[in-house]
């Protein structure tokens, strides 16, 4: 990990809130600067979504003397996932904890990432083997922090508080919280609907209570789902979407936390 | 035992206790003696316990956040609307136990008696068990590795005094790992009617769901069918239908055709569902006219038919 400058974990207690979607687009956003080397590691062993979301289905991993080579989306954006080791995307990886831990250790130890500015680690939902292992194995190398993803409803926030609790227990700094699926704007009449109502004030109130930064709120946009299914960057597919603007603002805040300035000035201007 | 050596060949393997990675493991002697290869006695105990449980349904999904717990809770509510049907809901999501909140049972405690743990009752005929009831605070993180989670699931299945039950619904976490293997393993001697698989329409979900169906085939668990959640959203103002999670590859419908598995139904998005869940109330009674409620009721009826029962009340069939 000495050649990796910044390490960011993307976590959520809750499933289906957009961790992989966010991880992928954080990676895309950071890699838009050709001089920034980005690595995306998917440690969701049972449900590895990153290959699909990054348009890398069917790719194979190569092994060389210096270790496993990640699969490159761009020259400066490499990806590793257990998905690349499956013969078919429908193969179920039915492993118990110890075996999953072994794979995560291999990913962290044997992948030849090279010189990397940002390593983003996408995780499965929960607070179990994968999370403990990632933190444990990376404990000697400095982890910048965790970005926690949630949706507005209390059922999600409840699990997210547990995740934040986990971060405190393992002394993992929390960069902040992203609230996904905040509102939906009807394309016809522009009415805003809260599909996942924030009955207890959403991430905003939770972050105030826990004194943790709210990095941003991302509205629902059907284009996000489409881009993910097609394996393309939503940021380039739909540059004018309010969701894209929200993502870019969040990415900038994460970069600031990690001590960098945003690479390109035009990201700051509304697109 | 939480710290398993990395190369652990497995307690049931021929190499148990004899492999190079077994050196130094505290259980090496036990495994080498062959004791680890014997079937877990709990499996027989659970089989005995499950004799009073007529039907067992697992609610699964490879994918997180598709509505497993929401569905499990409302399947339980729907079945329990007939006072003569005894329903039990077991939440084996150890890390993210949502069932107490969704069932309005936060803060409830579990009681232990001579006959085992008592479930928490929502209604006289609807009992619930979850690790959530064992936490001192709902924000407490349960940070357990696989073996400890397996132990809890074994306890839930063996030590909870369910009594006479018509339907035991088991809500699971996302994935295909310890919890799922344990549930199937411990229930293996007692007959599991089948699994209901929940998905949302987009390919990123379906991909994980195909893995889950693959898992079911591998462990010989019958698949009752698939439920597609979050199908469409109908704008309350202009009634336009939006596909928020677009079915770029045909959604659950095409997947079910390909895999020759029944599609039990499609449930539209309705903000009332989220509200009811957060408040711990049954969405079926909160919003009886919602298209989502009608979809749920139709799906519940099909599950009952699969399990060999007729729907308990005729008026459920008439559009409300």
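The backbone N, Cα and C atoms fix where each Cβ goes, glycine too.
As recorded in TrEMBL, the features of this protein are as follows:
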| type | residues | note |
| --- | --- | --- |
| BINDING | B:8, B:22, B:25, B:31 | [4Fe-4S] cluster 1 binding site |
| BINDING | B:62, B:63, B:64, B:65, B:66, B:67, B:68, B:69 | ATP binding site |
| BINDING | B:235, B:238 | [4Fe-4S] cluster 2 binding site |
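Taking the Cβ of residue B:25 ([4Fe-4S] cluster 1 binding site) as centre and 10 Å as the limit, one finds 18 other Cβ atoms among all the protein chains shown. Comparing Cα positions, residue B:67 (ATP binding site) lies closest to B:238 out of the binding-site residues B:8, B:22, B:25, B:31, B:238.
In this structure the alpha carbons, written CA, of residue B:65 (ATP binding site) and residue B:235 ([4Fe-4S] cluster 2 binding site) are 22 Å apart.
Counting only the Cα atoms, the space from residue B:68 (ATP binding site) to residue B:31 ([4Fe-4S] cluster 1 binding site) is about 37 angstrom. Note on proximity: among B:8, B:22, B:25, B:238, the binding-site residues of the record, the Cα nearest residue B:69 (ATP binding site) is that of B:238. Among the binding-site residues B:22, B:25, B:31, B:62, the ones whose Cβ sits under 8 Å from a Cβ of chain A are, in sequence order, B:62. The shortest Cα-Cα distance between residue B:66 (ATP binding site) and any of the binding-site residues B:8, B:25, B:31, B:238 is the one to B:238. The two recorded residues residue B:31 ([4Fe-4S] cluster 1 binding site) and residue B:63 (ATP binding site) have their Cα atoms spaced 35 Å from each other. Put simply, residue B:62 (ATP binding site) is 26 Å from residue B:8 ([4Fe-4S] cluster 1 binding site) when counted between their Cα atoms. Non-local contacts of residue B:63 (ATP binding site) by the CB criterion (under 8 A, 6+ apart in sequence, same chain) comprise B:174, B:199, B:200, B:204, B:205, B:208, B:209.
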